Protein chains: 2
Amino acid sequence: MRVMGVDPGLTRCGLSVIEGGKGRQVTALDVDVVRTPADQALHRRLLMISDAVEYWMDTHRPDVIAIERVFSQQNVSTVMGTAQAGGVIALAAAKRDIDVHFHTPSEVKAAVTGNGNADKAQVTAMVTRILALQTKPTPADAADALALAICHCWRAPMIARMAAAEALAAEQKRKYQARLKVQRARLKAAK
Amino acid sequence: MRVMGVDPGLTRCGLSVIEGGKGRQVTALDVDVVRTPADQALHRRLLMISDAVEYWMDTHRPDVIAIERVFSQQNVSTVMGTAQAGGVIALAAAKRDIDVHFHTPSEVKAAVTGNGNADKAQVTAMVTRILALQTKPTPADAADALALAICHCWRAPMIARMAAAEALAAEQKRKYQARLKVQRARLKAAK
């Protein structure tokens, strides 16, 4: 499974692609940070991000995109830009019929370090070790994008099991309601 | 000037196009609300909105897009979806080299009703009167999209004056710094 990890942002947007193998085996294929100038209009910055992300998707052809889920507990204006960038990235995936999954920062930290409250240095250190990189990925956005992709690789089997369980529950509900409908019709006919 | 007004949202996204004439003259050309099903994945909903907005832009060929500026003081999860939808809409404009302006809800209310704290009913009533519509636009998202476009039409001259003043100030600063550089060079040479 080829996963593209994205740490969305207007000023810096971290991008990574990793390949998941057997078990917990993961290999880094690419990592970079896209920057857009702060003095540009918002819609032009979003276009720069969209162009870069579309190029990555068409070059690396990932099976799935893992994006960091934004929370509004941070700085208000930053969060809005991050959400807008995330929307543009999810759109690029939808246009190519690539699945998108969102992971919260604590899910990502817990996946790679075992601690949902790990700091940036711990995440970077673990990402470097897990992927057996020669040097630490910098800036933090690059390490975060790699951590996101690793997190998705490792959570994917669980996500698939949960989706299967949900589908089964929906199917059972549908069958139950169909049976109920038949019984009601019989009762009505008997009256 | 043809203005496309957008009240962004995942569940309901209000779209309008109005034509601004002399003074405060405005004519409604189109208004609609795009809906996306809540049970669909986020990236697919964003694609539906993007497709609808791109179709509107290519059909109506607006000169400028006015989008409601989102604040995070509202419901957190709604705000994120609204920001993501707004990002996708701004991107569609950037791809066509159409300018984008954001207006806050209170700027819009103040423009059409004279009161920045006006309620939805007052906004709808004033929009209906200003555009001389036969019936009130519904739902509120449709009225909001029209109000946004009116607001932009009426604020456009002021926005243009402010941009001109900023450009002038930047030019003067540039000239002043160039003169300063020359004087410093002269002083250095004189030493």
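Cβ coordinates come from backbone N, Cα and C, glycine included.
Some features that TrEMBL has for this protein:
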- B:Asp7: active site (ACT_SITE)
- B:Glu68: active site (ACT_SITE)
- B:Asp141: active site (ACT_SITE)
- B:Asp7, B:Asp141: Mg(2+) 1 binding site (BINDING)
- B:Glu68: Mg(2+) 2 binding site (BINDING)
Using Cα coordinates, what distance in whole Å links B:Asp7 (active site) and B:Asp141 (active site)?
6
Determine the Cβ neighbour count for B:Glu68 (active site): the number of other Cβ atoms within 10 Å of its Cβ.
25
Please report the distance from the Cα of B:Asp141 (active site) to the Cα of B:Glu68 (active site), rounded to the nearest angstrom.
11
